[in-house]
Ligand SMILES: NC(=O)C1=CN([C@@H]2O[C@H](COP(=O)(O)OP(=O)(O)OC[C@H]3O[C@@H](n4cnc5c(N)ncnc54)[C@H](OP(=O)(O)O)[C@@H]3O)[C@@H](O)[C@H]2O)C=CC1
Ligand SMILES: O=C(O)C(=O)[C@@H](O)[C@H](O)C(=O)CO
């Protein structure tokens, strides 16, 4: 059988992460086990979920019944916004492990910094994630939706540098300042909504490149992310697309094409999701 084509990328804590994964945001719990099963059959070995997606149990079920061993699949989950206070964070992490049916996570993230709601409390939340790292229940720890000032506070006030920062990135929103901070400090960027939930796939430049290369627009955009060195985990609940999004390792974009796609960046106007400085959603 052919070896898995997805590269393992080093993290700053000495572990590695598969550069391509499968995201499960907005996959209904009743569809999640089958979607993850399909992804694992196609060859994905990295699943990105979160407590707030409501489908951790189904992700765990798919992984545990896949025939793969636990250490063959890299699984990430994220702390719910509702549990930033230290005792709540400890309970939430245990609930996540229980839901997944795992005794460790490969990567656990603070999902959002919530800077306005808790006035910087994400620092004490991060110190709780450091406990999970030290006791081995989280092989790696990181953050999501952190802006440069949030990362600077962690650097100044805590011991462990986050291994990743999971942020919105796609051709319309390069998020370059936060990516550059990560590059300079050994924090790997994970690009969420890598195809902007489909929005960029009709862009004339992307369509033109796809036609020239005989690839699909999604493959072109995902390949652009990989060549920038970021981690991606496109979401799909459609088996043919799950397969399509995995076929990224038998072609390359040349430098001019990379620049053409990067040139689509609209700066802040291209952001599609919530802004981390103001998003303060608490699930009920
Ligand atoms: N940390 C954070 O705050 C966030 C993290 N994330 C993570 O990032 C992952 C990916 O981001 P997400 O927001 O889901 O969006 P994506 O950019 O991955 O886009 C998903 C959408 O694109 C469609 N799609 C997928 N593949 C193709 C294809 N080949 N051709 C055409 N359409 C396609 C899907 O449709 P269909 O399913 O019908 O096939 C779905 O509507 C999430 O699942 C989650 O794991 C996302 C948002 C925020
Ligand atoms: O998908 C995620 O991980 C998110 O945090 C967001 O998309 C968020 O949950 C949301 O839905 C904002 O409207």
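Each Cβ is built from the backbone N, Cα and C atoms, and glycine gets one as well.
What TrEMBL says about a protein is an automatic prediction, not a curated fact.
If you look up TrEMBL, you'll see 53 marked as active site, proton donor. Residue 53 (active site, proton donor) is surrounded by 23 other CB atoms, counting those within 10 A of its CB over all protein chains shown.
Residues or ranges marked as site 'Lowers pKa of active site Tyr' by TrEMBL: 78. Around residue 78 (site 'Lowers pKa of active site Tyr'), the C-beta neighbours below 8 angstroms that are at least 6 residues distant in the chain are 49, 50, 51, 52, 108, 109, 110, 111, 144, 166.
Cβ neighbour count for residue 111 (substrate binding site): 22 (other Cβ atoms within 10 Å of its Cβ, all protein chains included). Sequence annotations record features per position, and here TrEMBL assigns substrate binding site to 111.
Annotation comment: TrEMBL describes 264-284 as region 'Disordered'.
The compositional bias 'Basic and acidic residues' feature in TrEMBL is assigned to 264-278.
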Would you identify the secondary structure of residue 78 (site 'Lowers pKa of active site Tyr') according to DSSP, in three states?
strand
